[in-house]
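J.: Let me give you the structure first, and then I'll get to my questions.
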Amino acid sequence: MGACLSSGGMDAEDRQRHLQVEKQLKEAKAKMASQVKVLLLGSGDSGKSTVLKQMRFIHRVPFSPEEIESYRQLVFNNLITGMLYLFDAMEHMELEAEEENLPYVDIIRNASDLRDHEPFPTTYYDPLKNLWGDNGVQKAYQRGNEAALPENLSYFFPCLDRLFESSYQPTEQDIVQCRARTIGITETTFQLKDHEMLMVDVGGQKSERRKWIHCFQDVTSILFLVSLSGYDQCLVEDRDANQMQDAMTIWDSICHSQWFKQTSIILFLNKDDLFRKKVAHSDIKNFFPDYEGEPGDAKAGRDYFRKRFIRLSQKAGRSSEREIYVHTTTATDTAMLRVVMAAVEGTILRTNLEVAALI
């Protein structure tokens, strides 16, 4: 009799446990169906943070007054550090500034940080303007691929008159063009109709990559960015390494990773605007000897790099798992990115529904 009571009690417990598991599965399925997590990956200077800023504009996630002030100060910092990068490149290339501009070099080298709400000090206006027009500086700038020079110099320096106005506040495009190294992990949430998308940006420099492992759980999709214009550029942290080769190494490790076996990967061949200009005078074959396209042919170059990345994913067996979605982008172009991201978000949501259906 005791045995019968015990058996009956166990049956009730089993049913209770079964109902509890069913409830948890339903809750997990509902959560997964309504929430997506996208990991932004790529090497340094690929444009990940630019995409994240553009997403905020596209989805109307406002920047706080504190953030806007931070970007205003960052614009000034980009001007000063950009010129310092040029000085460093000139030294490496054995170039010198013109004699009349030499006093300006010391002024920039000793520049102070901008204080909160302080207008750009006019002390630096003439030095920056004259140095940007200096022959030695321009020669170094033209060889920027050898020194991983910031790509926003040609955007900000022609705008010095506007930037040094006492009432200056950064425009949307100024914010997009701002350059700051991503340290650690940045998470931003966007609302996509009935879904919530968590976009995670992690540092792309080599020293930051070890932190990626903490972001791997529950990832719906990876948005992997490659700088097309990086085919002839060195890394910021390593002048002997090639940006494109570095991106391929990271891509290969991600495609082979067991963490991402069931994760869809979206590949952005980014900075196409810079790439189109660059191939006209920098032959891809000088850096990738197996390239067989005509010098200056941007389309052939684009196709070549696309095939290189697809081939790496196929070698990793990705073709038998999940498709790789490829887009050519210019992340600083808001209108273009709006169209591309609409397609990307559709892909991410479809992937999420497929995964949720497997629970």
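Cβ from N, Cα, C; glycine included.
The model shown is predicted, which means the values in this text are computed figures rather than measured ones.
Sequence annotations record features per position, and here TrEMBL assigns Mg(2+) binding site to Ser49, Thr182. Positions annotated as GTP binding site by TrEMBL: Asp201, Val202, Gly203, Gly204, Gln205, Asn270, Lys271, Asp272, Asp273, Ala331.
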J.: Please list, in sequence order, the residues in the chain of Asp273 (GTP binding site) that are at least six apart in sequence and whose C-beta is under 8 Å away from its C-beta.
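T.: Spatial neighbours, sequence-distant, of Asp273 (GTP binding site): Thr330, Thr332, Asp333.
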J.: Cα distance, Ser49 (Mg(2+) binding site) to Asp201 (GTP binding site), nearest Å?
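T.: Computed Cα spacing between Asp201 (GTP binding site) and Ser49 (Mg(2+) binding site) is 7 Å.
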J.: If you count other Cβ atoms within 10 Å of each one's Cβ, which of the binding-site residues Ser49, Thr182 has the most?
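T.: The residue with the densest Cβ neighbourhood is Ser49.
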J.: Tell me the Cβ contacts of Lys271 (GTP binding site) under 8 Å, same chain only and six or more apart in sequence, or just say none.
T.: Ser46, Gly47, Glu151, Ser227, Leu228, Ser229, Gly230, Thr330, Ala331
J.: For Asp201 (GTP binding site), name the DSSP secondary structure in the helix/strand/coil scheme.
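T.: It is in a strand.
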J.: Please report the number of other Cβ atoms within 10 Å of the Cβ of Asp201 (GTP binding site).
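T.: Asp201 (GTP binding site) is surrounded by 24 other Cβ atoms within 10 Å.
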